[in-house]
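Visitor: Quick one: structure below, then a few questions.
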Amino acid sequence: MTRIRRSPCLLLLIIWFMCIAGSVQVVQSQNQTGATTHPDEARALNSIFAAWKIQAPREWNISGELCSGAAIDASVLDSNPAYNPLIKCDCSFQNSTICRITNIKVYAIDVVGPIPPELWTLTYLTNLNLGQNVLTGSLPPAIGNLTRMQWMTFGINALSGPVPKEIGLLTDLRLLGISSNNFSGSIPDEIGRCTKLQQMYIDSSGLSGRIPLSFANLVQLEQAWIADLEVTDQIPDFIGDWTKLTTLRIIGTGLSGPIPSSFSNLTSLTELRLGDISSGSSSLDFIKDMKSLSVLVLRNNNLTGTIPSTIGEHSSLRQVDLSFNKLHGPIPASLFNLSQLTHLFLGNNTLNGSFPTQKTQSLRNVDVSYNDLSGSLPSWVSLPSLKLNLVANNFTLEGLDNRVLPGLNCLQKNFPCNRGKGIYSDFSINCGGPEKRSVTGALFEREDEDFGPASFFVSAGQRWAASSVGLFAGSSNNIYIATSQSQFVNTLDSELFQSARLSASSVRYYGLGLENGGYTVTLQFAEIQILGSTSTTWKGLGRRRFDIYVQGRLVEKDFDVRRTAGDSTVRAVQRVYKANVSENHLEVHLFWAGKGTCCIPIQGAYGPLISAVSATPDFTPTVANKPPSKGKNRTGTIVGVIVGVGLLSILAGVVMFTIRKRRKRYTDDEELLGMDVKPYIFTYSELKSATQDFDPSNKLGEGGFGPVYKGNLNDGRVVAVKLLSVGSRQGKGQFVAEIVAISSVLHRNLVKLYGCCFEGEHRMLVYEYLPNGSLDQALFGDKTLHLDWSTRYEICLGVARGLVYLHEEASVRIVHRDVKASNILLDSRLVPQISDFGLAKLYDDKKTHISTRVAGTIGYLAPEYAMRGHLTEKTDVYAFGVVALELVSGRPNSDENLEEEKKYLLEWAWNLHEKSRDIELIDDKLTDFNMEEAKRMIGIALLCTQTSHALRPPMSRVVAMLSGDVEIGDVTSKPGYVSDWRFDDTTGSSLSGFQIKDTTGYSMSLVAPGSEISPRDSDFKPMLGSKINEGR
């Protein structure tokens, strides 16, 4: 073969020809039409880019002409990442002399600020992609000008306010993306006019309410994401008419079941994700004809019935998740024979029978934890590279090699290892990281196993264990451990927070073989995957939310690590809970209920995250707290067992005798014994001893119904004993109601009830003792605490969250009626807990109450309650607003020692607001504070204290405003303060019959407690069955 020798001259000649050809192509791109950009659109685009501080690249801005180069080159696609920002033009106007801008892409380049109004003048736009920036402000009604729009996305930004109804004018729209923003208000009905929509992404948008009936018109939809939204009502039946759907996600909403039978029409689906349906049971019948499915996720939906054997006919399935339901019966063998199935999650059901004896080679991840499966395990469980979670079943493990699934014997039903014999008194785990010793000397054991989508682990010595399940949606590289090199500002154990365990669904930690008794459980967190939202990048716009259970009790709902850390990613968060171990077993469960964003900063950035778990005893341990020696002194062991059994028998007899005696003592107290939730019953002698016979030196204060004493129980716990005085007006009925109320609501921002005493004439409540006293003592007392701004803001947020729980989340709805600074207690870490439910009233959703006996404290009373006895949750909202002003100003709601215009805090706050001098309210003692947060708190306080209760926001919206998730609305009316109260001090006085006059001059006389209407008929009557004015 003849070879051609290339000379340098020849190479130069080739290069020259290439350059000429390239130049000709550029000139052609620039001049092939001779058209120019419409001058109005050129000015508009230049203004937009100037406002966003970005420039038009030379590739489509040749010689200053916008519609040139790549902007008119059909070979350059919008999706090409090399061209960003990018516009596209249509130069066919006015005999091909004028170009109109039809496409704009400004994607993921961290543009910060509002959308310039000039954008809405570009009426020839058909494609607008502004996703993954930090755009703020609202979408204006002028969006309706873009009537040619077909593909429009604002996904992953910080846009707020309502979505304008004018979006319904975009009737040619094919794609709408508004996910992962801070919008507020309801989903616009007008979107239903966009009948050509093929893709709709409204997940994590902040919208709420109902899915509009007009959405029944969206029959062209092919993809719909409706997730992480506070929407209500049942899943609409009309979704079954969206028969062109290939992808449907409805996760983490407030929608209730059952799943409509019309869903069986969705036979084109390839991906179906339904999750966290709140009520209503459904079967799996509706999936029968969905033969194109490759992803089927029906997690946490109250599914009942059996798994049909016909599921084996869905040959395209790659992932199946039916976990956290109520399915029963055997597992069909056909499910394990699906040739493309790689991930199978069946955990937390009541499936029974044996494990299928065969599986396909593709199936590498299987979760069947928390079921009733039994029998021997098949041989394939020993295959390498499998991820299996078989925890909490009834498998027979005899003959199983110890190297296969090590520790599974400890994690079968009832967790048998060391059950009935406490050998440990604590445990500490560095979740996702290596062994670390804390500054206090505690050794946090390593937990850096590759859990993957389904796994469990038991520590050496069987002191603790872990179990995790879940597959991150959309992630090609599922990572279950996060790491960081950050140094954390509020802890000496910074290294402990540089790793964290991640889970896409559920992760549990167990303490095994613990000595029975009370424990303090400490959970440590730091958000090391999602950046802080104060960063100037879209990667800081994510929100992670999950639930936390300790010993099966929900202690945190929608817990957000970063928000709790004050929006900081270098601030550690610690949560402390009390737990009782009665069967040598402790469980901490972190569960994702579909809330939070899914894809910021990466696909699959959601679900539980935790840095460390530890538990320490609240009593003096009697065990060695180390693994037992093996094979020594067998005789001693046998003797010990016999003696132990004998002693236990004697002890059991004593306990049974005591219980029977106590029950006999209380047989006449039918109300107490008939309660659904029974707190621990203390004896009078126990509490008398704990308080040193109610020694005056242990007195903490005097409440509305009697004194409160500090006490030390025999198990080492420090408590606050509320002793109801003989003269207290709180009768037996109200006492029982209070016990029921407090026992049924558990939240970190509500004071914890340990138990009660109801013995003869002695009636007492025993609470957790909070060492830092009350908020009014901290702010106004003789020995004030130094509360810096961030602490005050967290206290305000904590109180708001506690009230949200009382009003909207507790199993029984509660209006506190006496929210005030002295009823907000501070724990050792200055976390607020709302106390004193002695004035609380139980009520059903959407009920109200008119009472002639008004209970509360002057200065915190809402006008409609003080003057008319009209009680709703907005009564508490008003009082919260007053507390918020006290936190900002550092002064009580009234102070007779100040000049006239400043005597009454709320009146002074309004006067300053009218003069735009709100910041003068801020406490002079605060030398360093966040001005934006201070203004926010003042604005919220004024919203909460408006005269009309209908104008006050619900507490859930208050939390959203405090958290910065939604903007603060305008205050439209003067605060509802009541002037000319006849009193000397409003900081502690309880209302008890006096004359008041409101700002309109209306005067009335309040009925003193018990003076005209008996408590039995009025005040003590639960508000069940009456009507609430305020709808939710």
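FYI, residue positions are counted from 1 along the chain as it appears here.
In case you wondered, yes, glycine gets a Cβ from its N, Cα and C as well.
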Visitor: Which one of Asn145, Asn772 shows up in Swiss-Prot with the note N-linked glycosylation site?
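Guide: Swiss-Prot records N-linked glycosylation site at Asn145.
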Visitor: How many Å separate the Cα atoms of Thr683 (phosphothreonine) and Glu702 (ATP binding site)?
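Guide: Per the Cα atoms, Thr683 (phosphothreonine) and Glu702 (ATP binding site) stand 22 Å apart.
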Visitor: For the repeat 'LRR 1' (101-122), report the average pLDDT of the model, please.
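Guide: Residues in the repeat 'LRR 1' (101-122) carry a mean pLDDT of 96 in this prediction.
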Visitor: Can you tell which of Tyr767, Tyr865 has the most other C-beta atoms within 10 Å, given these are the modified residues?
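Guide: Of Tyr767, Tyr865, the one with the most crowded Cβ is Tyr865.
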Visitor: Using CB atoms and a 10 A radius, I'd like the single residue among the modified residues Thr683, Ser822, Thr857 with the highest neighbour count.
Guide: Thr857
Visitor: Sorry to bug you, but what's the C-alpha spacing from Ser822 (phosphoserine) to Leu700 (ATP binding site), rounded to the closest Å?
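Guide: If we compare the Cα positions of Leu700 (ATP binding site) and Ser822 (phosphoserine), the gap is 12 Å.
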Visitor: Are there residues at least 6 beyond the ends of the repeat 'LRR 9' (340-360) whose Cβ is under 8 Å from a Cβ of it, and what are they?
Guide: 294, 299, 307, 315-331, 333, 366-378, 380-381, 389, 395, 453-454, 469-471, 505-506
Visitor: Have a look at the recorded positions Glu702, Gly706, Val708, Tyr767, Ser822 and say which one has the shortest Cα distance to Tyr865 (phosphotyrosine).
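Guide: Closest candidate to Tyr865 (phosphotyrosine), judged by Cα separation, is Ser822.
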Visitor: Does DSSP give Gly706 (ATP binding site) helix, strand or coil?
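Guide: It is in a strand.
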Visitor: If we count other C-beta atoms within 10 Å, could you say which of the binding-site residues Leu700, Val708 has the fewest?
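Guide: Ranked by other Cβ atoms within 10 Å, the binding-site residues Leu700, Val708 bottom out at Leu700.
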